[in-house]
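Structure first, then comments.
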């Protein structure tokens, strides 16, 4: 292999001809690898041909074609993802979790149809739903599901995935859907690299895949080794298939990567056999699955059965029960949180569970540790809550060592040595030392967070260094930091120093509610902080108020009032507030008052609004605040009194109810237009 002569010795015509041969050859190899699961050549052979093509295209840029394999790795950094409308909505899928529920689904369908039913049964890939559009055989657009109606255009990132063909085997126009996923090996490799670089590992392959597809730089997505299976034809004028199994065959013939495991089942006994087969071997697969999907095989019957507002009536997902694994507890660690809560974590022999290695599991609090009677050297059963969070199900008492002793709950803080307290009506142990280093780190992280003082660039890693070098001791010290101070931090150069100092300086002007929330006063969340700041208008007035005065604020009760009075009565807190004022932090409310919001000419003024789904541009709290500033009343449930529903991604029952009541639905893409009205 390798080019027959030096690249500069080729004419443009020769180079164009050879490049096209290489493209065709690479396309065949790629299809065999991804579609037929039968590689024709070793990986290194593919790589050498790929490099030959790269050399030719680099020497003769005019011969590059849009569907060339070399164009799958995008070099374009997108300014942002544009929203796209799904002409045919990407609905959710109903799920069941037991054989009885699955049988009930089957009986319901058979009762409502006059014909015999067979199912196409497929593995439920644990990934991210995608929609692909091809025109005359060429890939032109790819999108996420979004909220089912509005998705995001992620075409450039999807072009980096080898399993998604740029060009089909026939010049047809078609819309298809499938699942993008990260193979287990790629996930393990990615997390290993992230941990080596000091980054937090992804929780699971699905999150990793979703995060990769949302990268604005397609090169980042390309490096993540994503793959995809296609399983649905949405629109295709030339389709001859009459069943789902035939449709999968058509997809494979067109060059799509189709999962080869699907089978047609005539009855529930055959379905159950398929479930048992893959429930027992799921960890042997190169990709993650979390169940199987049953689809009525007859496409005409699918159309006859139709959909509910949210899900198709002709398909269902059977979710596998959580897997369990057995391991031994070697240590119990205690960590201190922002509010002084001390939490136990079991450190165990590493064990494979649901496709990942688990060596730690939270025990949540001292009471749970006592109730479960977890001890050192105990053998325990683990499962993953929601297939994500490791939890101890039970202690295997038959394997407990004969000399085992009940675990002693600590009485002093593992960080500062201060006595721990168990407050009335709480399950948590607490360290109440305000100068506890572990608490200080968490408090500073909270203070700088997005919903509090919003100091961009001030994260846990920087805060840890600032504390270790004794450059700060409390939140007021942040506003005394200099460029010389920050220059002492590891890998902190001039640009980073200036950016952080500017962010700290800008936070001085925040309205009072951000400061109140950022201080981390017990029971005072973002909503309570806003109500208090708007009512009292300045910090001095709040600090001077007693419990009776504070509870006159709308929705503020005695628990919050007691917490505030206790907090501000502390002499150290009073000193800290004086220091914050001295360093120029704003201590007054500068937000929109209710009276101002009531006179707003905004579209939302006077309207009752409900939020649902995952929002991309805002946190839930930020959008709620913005709507209230525009005169809206934001509530948590949909009713006939609701004037509008703002729906983000993965909207659930609230969206379905709003649609049934004909309540206007506003998607996030259109929200700015409404706010501008």
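The backbone N, Cα and C atoms fix where each Cβ goes, and this holds for glycine too.
Taken from Swiss-Prot, the feature NAD(+) binding site applies to 43, 44, 45, 46, 47, 92, 93, 122, 145, 179, 295, 319. Within its own chain, residue 145 (NAD(+) binding site) has 86, 90, 128, 129, 130, 131, 151, 649 as residues 6 or more apart in sequence whose C-beta sits under 8 angstroms from its own.
Following the DSSP three-state reduction, the secondary structure of residue 124 (active site, N6-AMP-lysine intermediate) is strand. Around residue 124 (active site, N6-AMP-lysine intermediate), taking its Cβ as the centre, 20 other Cβ atoms fall within 10 Å, counting all chains. As annotated by Swiss-Prot, active site, N6-AMP-lysine intermediate applies to 124, with the evidence given as sequence analysis.
Taking the Cβ of residue 431 (Zn(2+) binding site) as reference, residues of its chain lying under 8 Å away and at least six apart in sequence are, in sequence order, 336, 340, 342, 413, 415, 416, 418, 420, 438, 439. Among the features that Swiss-Prot reports, Zn(2+) binding site is placed at 413, 416, 431, 436, with the record citing sequence analysis.
As a summary of secondary structure, the domain 'BRCT' (599-677) carries 27 helix, 17 strand, 35 coil according to DSSP. Annotated domain 'BRCT' per Swiss-Prot: 599-677, in sequence order.
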Neighbouring C-beta atoms (10 Å sphere around the C-beta of residue 413 (Zn(2+) binding site)): 23
DSSP-derived class (H/G/I helix, E/B strand, else coil) of residue 93 (NAD(+) binding site): coil
Cβ within 8 Å of the mean position of the Cβ atoms of 413, 416, 431, 436: remaining residues of the chain near Zn(2+): 336, 340, 412, 414, 415, 417, 418, 420, 433, 437, 438, 439
C-alpha spacing of residue 295 (NAD(+) binding site) relative to residue 436 (Zn(2+) binding site), in angstrom: 57
Residue with minimal Cβ packing [other Cβ atoms within 10 Å] among the binding-site residues 93, 436: 93
Pairwise CA distance, residue 93 (NAD(+) binding site) versus residue 124 (active site, N6-AMP-lysine intermediate), rounded so that it is a whole Å: 11
Overall pLDDT of the domain 'BRCT' (599-677), taken as the mean: 82
Secondary structure of residue 413 (Zn(2+) binding site) (DSSP, helix/strand/coil): coil
